[in-house]
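Record features, source Swiss-Prot:
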- 1-95: region 'Disordered' (REGION)
- 121-173: region 'Disordered' (REGION)
- 224-243: region 'Disordered' (REGION)
- 226-237: compositional bias 'Acidic residues' (COMPBIAS)
- 258-270: compositional bias 'Acidic residues' (COMPBIAS)
- 258-359: region 'Disordered' (REGION)
- 311-325: compositional bias 'Basic residues' (COMPBIAS)
- Gly446, Pro447, Pro448, Gly449, Thr450, Gly451, Lys452, Thr453: ATP binding site (BINDING)
- 928-1032: domain 'Bromo' (DOMAIN)
- 1100-1196: region 'Disordered' (REGION)
- 1136-1149: compositional bias 'Basic residues' (COMPBIAS)
- 1155-1175: compositional bias 'Acidic residues' (COMPBIAS)
Amino acid sequence: MARSDGFSPRKSLRRSAREHSRSYVGQGSNDDFDDMYSPPSRRRGSGGGDGNGYTRSGRKIHHSRYYEEDYQDAISSDDERMYRPRRNSNSLTYRQQCKQAIDESKRIQKVPPAKRKRIYMSDDEEEFVETRQMENTAPDRPTRRSSRRMSSTHEEPDVLDQEDVSPIRRTRRTTIRFGSEPVEENMEVPRVLETNDMANEAIVQAVDNTENGETEEDVIEKIGREEEEEGDEEEAESGEKEQVGLLFHRIFNQAYLQEDEESSNAESSEESTAPRQYSLRRRQPVVQFNQSEARENRRARLEHHRAANANRHHRNRNTSNRRRRSGSDSDSDDMVLPRPDKRQSRPHMHNRGERERGRFMPINMTEKELQSAQHILMDRMRKTDAGQGASDIDPMSVDSSVGFDQVGGLSHHIQSLKEVVLFPMLYPEVFAKFKINPPKGVVFYGPPGTGKTLVARALANECRRGANKVAFFMRKGADCLSKWVGESERQLRLLFDQAYAMRPSIIFFDEIDGLAPVRSSKQDQIHASIVSTLLALMDGLDGRGEVVVIGATNRLDSLDPALRRPGRFDRELRFSLPDLNARRHILDIHTSKWEENKPTPETLDGIAEKTSGYCGADLKFLCTESVLIGLRSRYPHIYMCSERLKLDITTIKITEEHFGHAMRRITPASRRDLTIPSRPLDERTSILLGDIVKNLISLRIPQGYRCVENAMATASTELEQVVRALEPNLTVPAIRLLLCGSPSLSDGGQTSYVLPAILAKLDHLPVFSLSVSSLLTDGRPEEAFSNAVQSAMRASATGPCIMLLPSIDEWIKVIPVSVQHMLITCLESMTGFTPILFLSTLDSSFEDAPEYATEVFRHANCISLNPSRRSVRKRYFEFVIDGVRRKPKVFDPTIYEMPQADDDSPEAKPSRKLNDDETRELLKMYTALQRQMRMFFKERLSRLIRDRRFVEFVEPVDPEEAEDYYEIIETPICMQDIMEKLNKCEYNHADKFIADLVLIQSNALEYNPSNTKDGKLIRQMANTFRDAIDDMIDCELDESFVERIEMVSRMLQDAGVTPTSDQLLTEIPKGFSRKKPWTMANTLAKEIEQWKAEREAENEKLKEKLGISTDTAQSAIEENKSEEGTSSSVEEIKKKLNKKKKDQKRNKKASSQDPDGDDTEETEEAVAENNVDADVEMKETPADPVPTIQSSSSQEREIIVSADSITDLIKLCVEKSEGWSVSELERLSSVLSHTIERFRDEWNRENLPEQLAQIVREWEATDATNEKIANGKASNKNGIVFNGY
């Protein structure tokens, strides 16, 4: 008869024992669960009598925790999935049930195994086993590994994605697998691992029935003591463990049968045709205590708990009469689950916050250092009550070798950081005495590559030294940004809370302008909220304590102005480009560890002079490039060979030439945007303008602009530097300079050469350009001009700066009049002590300057550049024409010795760097692979030993039966010997094991003849033995498992790690990589032999290349010997020279633009032949030699050129260039240099001076050419105007 449709006040507790046992174990846990979800009137200690009562429908409530009667009608279908009815029909006490279970288990042990194996199996399990037997697939043995595999198959599909390291081939189905046996041999073991849930249910049921408050452990201990009194002591100890397992299974069977009975009764009641009461409508109960909201909350929590369990346990929810199966989630045999945490307020959010809070860890502290102060940190974290969650960022790793001693040219910044960070910790009494707060904010700004992040790294390492350690948090601007609303603010708050808990601490924001830009109406509201949060955290109502905030940015003007005030960012440190002294210091730091390969001080001084405009990052890269160039010039063979060669590092000398090659490869960071025309004078133009630039800087520019920190730069000791740092900087007046031409020459190179050279000398100062291109970029010149002037005024508040206005005469023609008036107003507003150098150029003389230029600059501010003097031009053209005397470069490979291979060098460092955790995991993996391989081989070898067909190969041959066996067979072996080797871990690869098995067959075939009956039989057995080996390896051994062992062994060798238990595959050479998969035919040794053969072939090809180049170069050297003797005839010399002329004709035809080039080439050939005759006559009659430039070595060939012709050419160039501008001289020298380069590979250059003189005679200056073009007279015989090249 169906019961009424009432609701009970204890309905929330109607859960099956399985649901309780999955989360809690023991009486205490169930009581906690009862107190959590029970009404106050039903809780323990709150009164309420014995708990008996009646519901509103008239049903009796018993004293037990669960109802006795079925309530299938009272709950919905959804509740049925969470709750399971349970009858408490046990009339025996807990001790009686345990005793009965022990007796039943003893009785079962006497039953034969064939009848015993199905006792602990349900109907579903029997059906499952029968299905697997029909598929001829034996289930795995319930070991730790197989139980984990079974649970992952039925419950966790994502575990199958992990890589299997078993040596068994997975593509074949075999009856016997590695690490498993047929199920019939193992069904005797109780299936404890698969019945954890039901056993836990039995424990809870037993605990519920315990008398006098005894727990499960007390009952089991009492049972154990009773058994010890009855039997032997040793049998009792072993039986105590077995009794617990048998007890679990006995109670499990009772509970399972009881559930099946209840399910069948429920189904039969549902199928009955009797009419149900209250079938027309549901009767809603009267809620007395308004528990609907609490009931919904409880249902939500239970639903969440059920969903969490569903992710781990796949249950069959469609069939109500089928037992819910769930395997163990752990590979442990322990049945006791951990007690739940008693945090009631959102424990999952608390755990998430604890986990994500751990990601905000300082970057300069090790794990051991954090654990030593863990109790203090945890106490602080409880007090701060920070948010929950953080950004998904791991702490950055910082190079611990970087310190303040590795930072050059920034001594003032280092002293300022010490005042902010170190002094408040070391000398707090000073701040306490004067009631002041130390600075808590510093912002680094300056161009890229000037050392902002480097100083932060050095500060992080300095903070971890000494007794008082400072936590250093390093975050980039984008790290704290998130797409979720409010997430960025929460992460900032959590970061500051973590820093406050670990105080004293430092927070470094790299590229802070991306995190806190200027707030405006055009900006997104999210960024404004982030900036507001950062402002409040840095200086809000609650002080941040001993937390220092450091920010770094390349654009200080883009930072929000609210951050740039005392209390937030107290100090602003500018990182400018290093000056001459700073560059010299940086070069000393980067070359200090080169030891004997370090360049000379004179070389470093020259490099520091030439690297004007280079930042610290550029100088570091310059040193790297120079070393690579030096390595290439000393050992070019490493570029042609992929293997490691043995190098003598001490022979690599880094010279100034190597630095020069590296400087041509590098473009400094300050010159890549081309906004500032800073360019030093090269060696050629310095002859013309070097003295002018030097005198101009020393005489017209004050000392304060040349060196900002002059007081500290001139100090001799560190103490003097610290004391003199308090001295005010030198007085720097406001200066205006106008570079213009002279009345005789308007273009003296003031805009193209002198102005960039001056900026290169003053590259440590910030430069603000007012050029036409910078003002007209966005079409709003007034706004661009205002921004540039305001930036210059702000920069002048902290130090000198430069305002640049090139070509003011052209600037006036393009820029609007409003901007011109703004410039005059700006210059008039500057006082005499505003440290701004206003530098401009004028492309004419001051007398011809526009009226506006004379208003801005007075005559005293004008510097006129006169034409170059005669002596200067003579030195200039001597430098240009000196290339005529330069000998052709002949490659001599004999000076480059081929280094030897260095594969087995003990000095070679590991090519793969692994940390301790990675090394430990790799060693663990290699040990596990070796162990699985040995287990696999032992099992297969045991199978071969048990095979009666191969009984002759099990034991060693008896010498009495075969007297000459050990004389004929060199390496006798049997399967017992192989098993002993396996036990001694002598096999680290499958090839060795297979080779020993094959050796048994080869020994049998070698000793036993084929003409005897016994010999034929043994030979047949040996061949069958070989077939069994091949079939076993081919069908059961996975080739990827063998390749995995090789790969892990090679990784350990590359990392320089040697395991203690197992041996590495020492036969694998360095650099080896398998090209074909492993098979029995393609063994590791065969693959290594093929790899070595290919490598030898590559070495032979390399030697052939080197041999061909050596022979060719040697023949060229022998051709160029001047001591060839009279045996060399004139015809041979003519043939060699004519051969070279023919090769040069192709280049001349391609580069020549003269239509009469063929006649010229024929004339050159005739002249060359005449020169050859003259050369031979000169060798035969040395009394009348041809005038040549003598070489320092008499054995080398001399260049055929006339010295008088070169002198006449230089004189012609000096006279022709009278009154020319620097630009015109540079154009002429470029044409002359190009012509000289065409003859760089020739020894006969006698006609070269005449060609150069012809170019100079026909050259016309730009001004004179323009006049002749206007008159129509400027043309040569070919119709080409020589106004350039």
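Cβ from N, Cα, C; glycine included.
Computed from a predicted structure; not experimentally measured.
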For the recorded ATP site formed by Gly446, Pro447, Pro448, Gly449, Thr450, Gly451, Lys452, Thr453, name the remaining residues of the chain with Cβ within 8 Å of the site's Cβ center, in chain order. Phe444, Asn554, Phe575, Cys615, Gly616, Ala617
Gly446, Pro447, Pro448, Gly451: which of these binding-site residues has the highest Cβ count within 10 Å of its own Cβ? Gly451
Within its own chain, what residues at least 6 apart in sequence put their Cβ under 8 Å from the Cβ of Gly449 (ATP binding site), listed in sequence order? Cys615, Gly616, Ala617, Asp618, Ala669
Entry from the binding-site residues list Thr450, Thr453 having the most other CB atoms no farther than 10 A: Thr450
Pop the mean pLDDT for the domain 'Bromo' (928-1032) in here, whole number is fine. 88
Let's check the environment of Lys452 (ATP binding site): how many other CB atoms sit within 10 Å of its CB? 26
Take the domain 'Bromo' (928-1032) and count its residues per DSSP category (helix H/G/I, strand E/B, coil), listing them in that order. 76 helix, 0 strand, 29 coil
Where does Pro448 (ATP binding site) sit by DSSP, helix, strand or coil? coil
